[in-house]
Each structure stands twice: as structure tokens, then as C-alpha cells.
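One structure is given here, and the rest of the page talks about it.
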Amino acid sequence: MTAEAAYDEAHDATRALPLADGSRPGPHGTRLLAGWFRTGRAADLTDHLDRYGPLPATAPAPLRQAVDEAGLTGRGGAAFPTGRKLSTVAAGRGPAVVVANGMESEPGSLKDQTLLQLAPHLVLDGIALAARAVGANAAHLCVARTRTEQVRALRGALAERVRLRLDPVPVQLHELPHHYVSSEESALVHWLNGGDARPTATPPRPFERGVGKRPTLVDNVETLAQLTLIARYGPAWYREAGAPDAPGTTLVTLSGAVHHPGVYEAPMGARLGQLLDHAGAAAERLSAVLVGGYFGSWLPAEAALSARFTKQDLAQLGAGPGAGVLVALPERACGLAETADVLGFLARNSAQQCGPCRFGLPAVAEDFAALAAGRLDGPSLTRLEQRVGLLAGRGACRHPDGASRLAATALQTFAADVARHVQFGPCGGASTSPVLAVPQGAVPGPQEWR
Amino acid sequence: MSVVPFTRSRELALRIDRIACEGHGACAELLPELLSLDEWGFPIVHRAAVPPELAAHARRAVAACPVLALRLERGRS
């Protein structure tokens, strides 16, 4: 069976996948969110233990093997094979450290906050299991300081687990400054080591030398929740959803011109059009889709909707799954104005450490604003294209690379608009209210990173 | 019998600490074959691998960086 046919069969909502505990799943075979669809409220520890029971007793090596065979990939953005990362950290020298990344600084994403709210114990189980899999004796959960309600709820959830002595490795909750680049893994490690929540120069990567110079596993909270289900139900069960080359389900945040924007769980390998169907499909004619978030790529609507949601398929189009963000851009909107807003955000929210982010990115953001406003002439457009090309690969982290990709795919996908803006000035779309809700706010001061 | 003077593991590669770099530009001045500067004076690496005939120049560029942001590493691209 081809991957496409396998997906189409698995996607059939009438053929819902039963969870291994025999319970009925939610719509479209949801797993992580099955409890929510069943009860309509956040799962406390009692709900969680009733549904899933205590932690399975799987030994470290079989646990790592199960994750490997399941084909789980990281859900934070890079889509790196989780099993391989577990093995690398486990093979490192000395006891390891686990860091769960719940920062979710991507403005287009709500899935980690949703998961931590609705099923916190799937994540906390995942931290315990990952700690066992890599031989860790310390575990940290990092969230944004600004989300006080989330912090309060997680403190409660952790206290419940301490009372029942569920976690052999204690989990420390950390509230970090909330900036876009603070969720980058080296920034988390730097902060946990007592520094600023800003990315550091690599190598060494955290898996080599991270928190306390020890081998450190940094995983997104959804990845850890998926690991929890694999540990309980096994790789064969995990692969019943999704496609052979992209197994399992994934959380996606769907917004823009769709009928019901929100967080949904969907099979991996779905066509992007099928993903948007979860949110009630496009509410009007689309010109493009932003795939992967502010760090992502603009794809023309037609090509995007028929593309499959896998790392490989999206890479062929110059995109990636990112943290599962899809924004549907309606034809009436101006893709250049939207991109200019996002580039302004990325420029304000860099760590202000490296040349490309201190000078190149703000210049590109200014050029883009001028382009959207119809104030950029031909020679300046050529200069903009050169500046965009020079951002990638020249920072300590991938922040300038992400901004470069966003800008480059905008120039490509909206090429006809670019020519019209240069020749005739701004379009009508620039005066309509923007589709992307780009956060405003100033550049963080030097004291705001700790 | 010929002796291969340079094996892969002895190849030199340029590495820049992008956080430390302040855009002084000495590197591009001394090693224009491999580096140039962007419009704000920050280095662009055209080729990280240093051919043997440029090794001395590369060492001079490393020594000239006022903030020690340029390094030469062996066997790591």
C-alpha cells in the first residue's frame, strides 16, 4: 500500500482507532486529546491513573528501542528521530539530565499550552520515562514565566505526584523569561546553568554537554507525551495511526481563514488540506499557507493543500512541519504585509547577540515593510534579496535561518505581488486587518533575559 | 610508494563564534580567499575548509581577531 493510501484509510473518521485500554477515542482517532473528548475537562491525576494506570515497568534499553521502532520524531520543530536522541544521550558519560521544553514561544502555536492544560500527566509521565530511558537523575520542566495560570496548575499536578511518590526522579518546574528565542534548546540549558535564557554558541550541543556539563536530553512536551503512549501501548499500536513514513498522530494549531481555528490532533502524513478540514476547512479562497509558524515557509495554497505533512515531503517544497502550525491566508490579505509584520517581530525578538540578528534581520524587516507599503524600488529589491540570502547559517542559533526562510519563501510565493508593489504601490490587502496576530512589544533589555 | 602528507583528519577548518564576533573585520582583510564581510562588517565564510597553502594566512587571521572569535579546528567542518 502506498503511504498516501495508508493515510487515506487511517484518516477515515468512521474507522476510529481504539486506544489500547479499550476506551473509545475522540474524533479522528485522537490519542493525546482522547481524555478531553471523553470528559470535556482537564485530566487530574485521578482521571489519568484511571485511564492509563501507573508507569509501565519497561527497562531502559527496551524503552529506547520501542521509541525507535515507533518512529517518533520531535514535535518541537526539528522533527529529529526521538529514539536516536535517547540513545545518544544514554551513551554519554555520566548520569544524564532531562529537560522538557514547554516554552511554546511561537505565537502561531497553542498546542503545548493546550496539552499541558488538558493532559499534564501524559507529559509528566513522559519526563519520568525519558529519565529512565537515558539514565537521568535530574529532570526539569521549562515553561514561560508570563503564563501564571499554567504555572499554578503544573505546580498542583507535580505536588499530587510527589504525594503518591510517582516519580523516581524529581521534576523541577522552572519559569523562564518569555522571549521568542528563549525556547531554543541551548537557551534553556544556558538558563538552567545560571545564565541568560539566550542561545549559546554550539558545539557542544546539549546532548554532548548540557545542564551541569552532563549529557542532556531536551525534548518538546508533546514529544514526551507521545513517548508515554508508546511506552504503554507499544510501537505497533503507535504505528496504527499516521503513515508508514510518518507514524502516529500530531498536535497542530490551525488558524487564519478556517471556520474553527484551534488545536487539533491529526494523523501524521495527512495532506495539509485534510489537516485544515479538522478546523472546518477554508472559510474563503486561499492564496497561500504559512507552514511551520513564524519560523516557517509560505507555500502557494494549491501546492500546500495537496502536500503531505511529513518532514521529507515538506522539505521538497522548501518547508518543514515546525511545531505543527498552519495559517491559511485568504486571497484578500496581503502576504507581503503579513510577512513584514512577522519579520518585524522576529527582528525585535532576536537575542541581539550575533551580527545577522543585530543588523541584517532588522534591515530585512525594514525593507519588507517598505515593500509592503509600495516604497521599495527595483535596485532596493535586489539588495533585499541579497540581504535575505546572507542571513542563513551566520548566527549562533537558527533564528536568522528561520527569518531568512520566511522572507525568501514570501518573495517566491508572492512574486507577482512583489512586482506589482514595486511598480504600482501598496495593494488593498495592506489596509485590511491582518490575518496573523503578531505580538507587538519592544526589544527585551539586557536585564530581561534572566 | 608515495606518502600522503595530509589526511582528512588533519584538515583545518575555520569556525567563527558568532556571539563573540564584533565585526572588526581583520579576518577578511588577512584571508580574503576564504572570507568577506557583509555591509555591516560581519564575516561571510565562503569556504570553511582551509587548503594547506593558506594555513599560515589562516593562523595569522586567527591571531589578529581582537575578540578571539575566529578559530581553526582540525577534522571538523
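Glycine is treated like the rest: Cβ placed from N, Cα and C.
Unlike curated records, TrEMBL annotations are generated automatically.
Per TrEMBL, domain 'NADH-ubiquinone oxidoreductase 51kDa subunit FMN-binding' is recorded for A:67-227.
Residues or ranges marked as domain 'Soluble ligand binding' in TrEMBL: A:252-285. Along the domain 'Soluble ligand binding' (A:252-285), the predicted structure has mean pLDDT 95.
The domain 'NADH-ubiquinone oxidoreductase 51kDa subunit iron-sulphur binding' annotation in TrEMBL covers A:340-421.
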Reduced to three DSSP states, the domain 'Soluble ligand binding' (A:252-285) has 7 helix, 14 strand, 13 coil
Across the domain 'NADH-ubiquinone oxidoreductase 51kDa subunit iron-sulphur binding' (A:340-421), DSSP labelling yields 61 helix, 0 strand, 21 coil
